[in-house]
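Here is the structure we will look at.
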Amino acid sequence: MIFKPIPYEFYEYGTAYFWVHFGLVIFGFVLAIVTFLSQRVNPAPYGKHDQLAANWGPMIPQRLAHITSDAIPGVLWFALIFFLYSKEQSDKEIINYVLFGIFLLHTVHRGIIHPLVMRYKSSKVALGICLGALIPNFLYHFLNANHIAVSKYDKNYYYDPRFILGILLFLIGFVINRWADWMLRSLRRTRGNFIESSGSAGYYIPYGGLYELVSCPNYFGELVQWIGWTLATWSLAGFVWTCFSAATFFARAYHNHMWYKENFENYPPNRKAILPFLY
Ligand SMILES: NC(=O)c1ccc[n+]([C@@H]2O[C@H](COP(=O)([O-])OP(=O)(O)OC[C@H]3O[C@@H](n4cnc5c(N)ncnc54)[C@H](OP(=O)(O)O)[C@@H]3O)[C@@H](O)[C@H]2O)c1
């Protein structure tokens, strides 16, 4: 098989569609850098770091906020762009639908199931937190839906190492992410909810599996997922979304890790924040 650096046809260079897509890719990259810098200084005020939530606008129901910020762009908007942005419907091959399906596997869980089943300590979250996720999600999910709607992959791309390894990483990351979030949920199920309490009440040290190595295996798992997505789609759209996700994960994992150390004297000293053995 001949290795092709770009294994698909996309918009022709110089067309308006081309410039809109890659103009937004550049904007998405800049937004990822700004997000990292600002969230590294001040964590977004929800969950463990919700002390400054009042500065981020009126409080709204937390489950509704997460469904709005993740399901609307991640499921509805993503599907709309995927089906509407196409040269012709008949252009789409099975591979386009496979990529569509695995993206939805994540967003249906993250946008609908996760907010409904998690045991949040606070029933409310600031409107700014909802908008701070909703707006970037519209941008990055547009880019990814646009890419997989329009790209015409080579017929033999199924056998390409980028596709095989990418899908494998996506699925491994998905399992890690789901498992890690489930572990956090179980802590409150077995040890007490402390609903609407403040400070560290209602938080416990998680143990077992990847929690022995890092404080935030949920972020680690999702990062692996998006690296897999970028590899499988071989796209700049996937790459900037991974950069944005990494920006939030690294910044927040740092704050979560410091928070655990400050709040639990017996916090395991060798645990890293997000990358096993490294960071
Ligand atoms: N792609 C992206 O850009 C992006 C960005 C952010 C998050 N996410 C994903 O969204 C999901 C949730 O993220 P998150 O930032 O909300 O994660 P998180 O801070 O780890 O919290 C997840 C859940 O577990 C609870 N929890 C956390 N630590 C706990 C502890 N020590 N003891 C008991 N309960 C604990 C939290 O309760 P409280 O809410 O009461 O703290 C929340 O319900 C993750 O899967 C993450 O990968 C994606």
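Placed from the backbone N, Cα and C atoms, the Cβ positions cover glycine too.
Worth saying up front: this structure is predicted, and the values here are computed from it rather than measured.
The annotation transmembrane segment is assigned in TrEMBL to 16-38 (among others).
According to TrEMBL, the transmembrane segment annotation covers 64-85 (among others).
Summarising the annotation, TrEMBL assigns transmembrane segment to 97-113 (among others). Outside the transmembrane segment (97-113), and at least 6 residues removed from its termini, the chain residues within Cβ reach (under 8 Å) are 66-67, 70-72, 74-75, 78-79, 82, 141, 144-145, 148, 167, 170-171, 174, 178, 225, 229, 232-233.
Per TrEMBL, the feature transmembrane segment maps to 125-143 (among others).
In the predicted structure, the domain '3-oxo-5-alpha-steroid 4-dehydrogenase C-terminal' (134-279) carries a mean pLDDT of 95. For 134-279, the entry in TrEMBL reads domain '3-oxo-5-alpha-steroid 4-dehydrogenase C-terminal'.
The transmembrane segment annotation in TrEMBL covers 163-180 (among others).
Feature annotation from TrEMBL assigns transmembrane segment to 201-220 (among others). Beyond its flanks by at least six residues, the transmembrane segment (201-220) meets 48, 121, 176-177, 179-181, 183-184, 187-188, 191-195, 249, 252-253, 256-257, 260, 263-264, 266-268, 271-277 of its own chain at Cβ-Cβ distances under 8 Å.
TrEMBL lists 226-251 (among others) with the feature transmembrane segment.
Only sequence-distant pairs (6 or more apart) were considered; of these, at least three Cβ pairs between the transmembrane segment (64-85) and the transmembrane segment (125-143) are under 8 A, so the stretches are in contact.
If one looks beyond the transmembrane segment (163-180) by at least 6 residues along the same chain, the residues whose Cβ comes under 8 Å of a Cβ in the stretch are 95, 102, 105-106, 109, 157, 209-211, 216-218, 220-234.
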